[in-house]
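Asker: Following this message is one structure expressed as C-alpha cells.
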Amino acid sequence: MKFGFSTAGESHGPAEVAIVHGVPAGLGLLAEDIDRDLARRQRGYGRGGRQKIEQDRVEFLGGVRHGYTLGSPVAMLVRNRDYANWEERMNPAPVERPPEKITLPRPGHADLAGMQKYAHDDLRNVLERSSARETTARVAAGAVARKLLGEFGITVHSAVYRIGGVAYPRELAVRDAAKADASEVRCPDPEITERMKAEIDAARYARDALGGEFVVVAEGCPPGLGSYVDWRDKLDARLAAAVMSINAIKGVDFGLGFGLAARRSSEVQDEILLEDGRLARASNRLGGLEGGMTNGEPVVISAAMKPISTIARALRTVDLSAMEPARAFRERADSCAVPAAAVIGEAMVAVVLAEAFLEKFGQDNMTDIRASYEAYLGRIGR
Ligand SMILES: Cc1cc2nc3c(=O)[nH]c(=O)nc-3n(C[C@H](O)[C@H](O)[C@H](O)COP(=O)(O)O)c2cc1C
C-alpha cells in the first residue's frame, strides 16, 4: 500500500489514533521522534485552556519493534487526558443520564451542515470530530514521514509571517524558518513576535479572535518528486490539497505566491545556471516546483488561516430545537492558533513528500530505497 495515513478519534473521546501505512521496514523510529512534534503543536501564544490539560504522548500499538519499523502499518495512540472529565458525555457505551443535546450551531464550523448531512440532532456529534484536536493524529503521522525524509537529508520547517494586522516579510520567514521554534508565535523576529502577541491580546480583550499566514519550507528534496504526466500525480496540487485540508486554512500558494500574477515573466521564472559544472538556479521564486515536480530547490508553500470561529462575543445563530433566533454555542476556544497550524502544515507537507519520495525510490525497506536514491543522484549528477 502507498505511504499515507488515516486517523480516528473524537476531541473529548478516549484517544486520538493514527495508522500510517506503507512505511518501509528498517526505519529507526522512537516515541520521542513523535512526542517532539506533538509538543511543538501544543505550543503557541493564544491557545486556550485545553493545551494545559493535554500533554500529548504517543504509544505505539503496531509496526515498530525494538526501535525499528517492520514494514507493517504503524499504529499510534495519543490519549486525551481531558476524557477523564468527559467520561459520561463521551462514553462509547450507553450512559444512564445522557447529557442535554446542543442545538446552537456555530457559524464558521461544520456544525450546521454536519447535523443536516449526518442526521444528528445533537451538535456534539459533529463538533467532536470536526474539532482540530484531530490534527494531533496528523502530526503523529507527519513525524513518521519527517523521520523517513530526514534519513535522506530532507528537512521541513515552518514560520508564521502574519497574525491579524501584524506582518513580517515572507522572504525573511522562508529564510529563517528553522529558527521559528524559539518564538511563541513561530515568527523568527523577536520584535515582531512581541507585536504579534500584543495583537492576540488585543483581539482576546475585544472577545474576538485572529487568523494569519504561515509558510512551510522543505529543504533537500531531490528533483523529480511528483510528476507532470498525470494530473493526480502533480506534487503542487497534492501539497495544496493536503495543506488546505487543515482546519481553517482558506488559501494556499507557492513561492512568491499570488503576487507573481502581477509581475513580468523575467521577474518570476528561476533561471538555470551552471556552477562549477553543476546545474543550479539563480533564484527560487516558484517555490521549488515546476511541472508538478520538485526541481531541487526548497519547496516553499504558504497558507492563510481564517480567524478562529468560536468567540466570546457569541455570534448569531438559530436554536434548531425551538427554531428561534439565538446566540451560538461556546466551547472552550483558542484566540489564535496560527502557530499550531504551521506545525500541522509541516506534518501534512512531510506526509505528501514522503509519499512522493517512496513512489520514486521504492518502499519495501530502507536498504533498497537508499540504493535506489543514490543511483538516481549519481545519474543526474547531484
Ligand atoms: C490548531 C487549530 C486549532 C483550532 N482551534 C479552534 C478553536 O479553539 N475554536 C474554534 O472555533 N476553531 C478552532 N480551529 C478552527 C476550526 O477547527 C475550523 O475552523 C472548523 O473546524 C471549520 O473548518 P473550516 O474552517 O476549515 O471550514 C482551530 C484550527 C486549528 C488548525
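A Cβ is built for glycine as well, from the same backbone N, Cα and C atoms used for every other residue.
TrEMBL annotations: computationally assigned, not manually curated.
Not my notes, these are from TrEMBL:
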- R41, R47: NADP(+) binding site (BINDING)
- R129, S130, S131, N247, A248, G291, K306, P307, I308, S309, T310, R332: FMN binding site (BINDING)
Asker: Neighbour count first, Cβ atoms within 10 Å, every protein chain included; then name which of A248, I308 tops the list of binding-site residues.
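Answerer: Of the binding-site residues A248, I308, the most buried by Cβ count within 10 Å is I308.
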Asker: Please work out which residue of R47, R129, K306 has the most C-beta neighbours within 10 angstroms of its C-beta, and give that one of the binding-site residues.
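Answerer: Max Cβ neighbours within 10 Å, all protein chains included: R47.
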Asker: In Å, how large is the greatest distance between any two Cα atoms among R129, S130, S131, N247, A248, G291, K306, P307, I308, S309, T310, R332, the listed binders of FMN?
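Answerer: Binding-site diameter by Cα atoms for FMN: 44 Å.
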Asker: How would DSSP class K306 (FMN binding site) in three states?
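Answerer: Looking at the DSSP assignment, K306 (FMN binding site) belongs to neither helix nor strand, so coil.
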Asker: Let me spell it out: for each of the binding-site residues (S131, T310), count the other Cβ atoms within 10 Å of that residue's Cβ, using every protein chain shown. Which one has the most?
Answerer: T310
Asker: Determine the binding-site residues, out of R41, R47, A248, I308, T310, lying near ligand 1 in the sense that the CB is under 6 Å from one of its atoms, and give them in sequence order.
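Answerer: Correct list: A248, I308, T310.
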Asker: What is the interatomic distance between the Cα atoms of T310 (FMN binding site) and R47 (NADP(+) binding site), given in whole Å?
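Answerer: Each residue's Cα considered, T310 (FMN binding site) and R47 (NADP(+) binding site) end up 13 Å apart.
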Asker: Using Cα coordinates, what distance in whole Å links I308 (FMN binding site) and R41 (NADP(+) binding site)?
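Answerer: Rounded to a whole number, the Cα-Cα distance is 16 Å.
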Asker: Between the Cα atoms of A248 (FMN binding site) and R47 (NADP(+) binding site), what distance do you get, rounded to the nearest Å?
Answerer: 15
Asker: Any idea what the Cα distance is from R41 (NADP(+) binding site) over to K306 (FMN binding site), rounded to a whole Å?
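Answerer: Here the two Cα atoms are 18 Å apart.
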Asker: Could you say whether, by DSSP, R41 (NADP(+) binding site) belongs to a helix, a strand or a coil region?
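Answerer: DSSP call for R41 (NADP(+) binding site): helix.
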Asker: Please classify the secondary structure at R129 (FMN binding site) using three-state DSSP.
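Answerer: Note: R129 (FMN binding site) is helical by DSSP.
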Asker: For K306 (FMN binding site) and R47 (NADP(+) binding site), what Cα-Cα distance in Å is obtained after rounding to a whole number?
Answerer: 15
